[in-house]
Amino acid sequence: MEHDAALLSSSEIDRIGRRIGRPLVLVGMMGVGKTTVGRKLASLLHVPFVDADEEIERAAHMPIPEIFATYGEPYFRDGERRVIARLMGTGRNTDRKVLSTGGGAFCDPATRALILERGIAVWLDSDVDTLVERVGRKDNRPLLKTGNPREILTRLKDEREPFYAQAPIHMTSGAQPHQVTASKILRAIDQWL
């Protein structure tokens, strides 16, 4: 029942969607649900969904773990910055879409400034226990290959939260259905605009 109350009607979604004239950019830790919630938001708003990590892999012609292994994190971050800049567009080309970013993207000062200037940044947050459980489902996280995932996630979360906190919208991704999280994000954006 409480989930039903959190959902928006299609007319509310349409009204909010008309007010959003730029990309919605999901930022936050790996495993928080940016891609899944982003797809749901894009579906609700009838706009394209773009996963920055997929675009980086397409541009580099190799998967992200291979980029990290072959060239290192600084090289990856440089490519990530360029790809996100392209995806954000410029001037009138800053179109409506939902963009999911990698966990470290918003920590880069140039990328963060670009997102804050041209988009609406939404910090999707979760507790470490949830992150550990979710990232354990996949074996494609280069930053977790070097030690205990819980310790690494705790450290990364502590390091990155001051950057994520600069996003104007902050939403916790918990056990509720993704549709509920997406509706809550749209309500928060509606109040912020």
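Note that the numbers count up from 1, one per residue, in the order the chain is shown.
Glycine is no exception: its Cβ is also placed from the backbone N, Cα and C atoms.
Features as listed in Swiss-Prot:
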{"type": "BINDING", "residues": "Gly31, Val32, Gly33, Lys34, Thr35, Thr36, Arg141, Gln176", "note": "ATP binding site"}
{"type": "BINDING", "residues": "Thr35", "note": "Mg(2+) binding site"}
{"type": "BINDING", "residues": "Asp53, Arg77, Gly103, Arg160", "note": "substrate binding site"}
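Sequence features, as recorded in Swiss-Prot, placed on the structure.
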residue : record                 : Cβ within 10 Å
Gly31   : ATP binding site       : 23
Val32   : ATP binding site       : 26
Gly33   : ATP binding site       : 23
Lys34   : ATP binding site       : 27
Thr35   : ATP binding site       : 17
Thr36   : ATP binding site       : 17
Asp53   : substrate binding site : 20
Arg77   : substrate binding site : 17
Arg160  : substrate binding site : 18
Gln176  : ATP binding site       : 14
C-alpha spacing of Thr35 (ATP binding site) relative to Arg160 (substrate binding site), in angstrom: 19
Max CA-CA distance, Å, over listed substrate-binding residues Asp53, Arg77, Gly103, Arg160: 18
Gly103 (substrate binding site), number of other Cβ atoms within 10 Å: 23
Per DSSP, three-state class assigned to Arg160 (substrate binding site): helix
Minimum Cα separation from Val32 (ATP binding site), reported as the residue among binding-site residues Asp53, Arg77, Gly103 that achieves it: Gly103
For Lys34 (ATP binding site), the one of Asp53, Arg77, Gly103 that lies nearest, given that the binding-site residues are compared by Cα: Gly103
Spatial neighbours of Gly31 (ATP binding site) among the binding-site residues Asp53, Arg77, Gly103 [C-alpha, 10 Å]: Gly103
Separation of alpha carbons, Thr35 (ATP binding site) and Arg77 (substrate binding site) (Å): 19
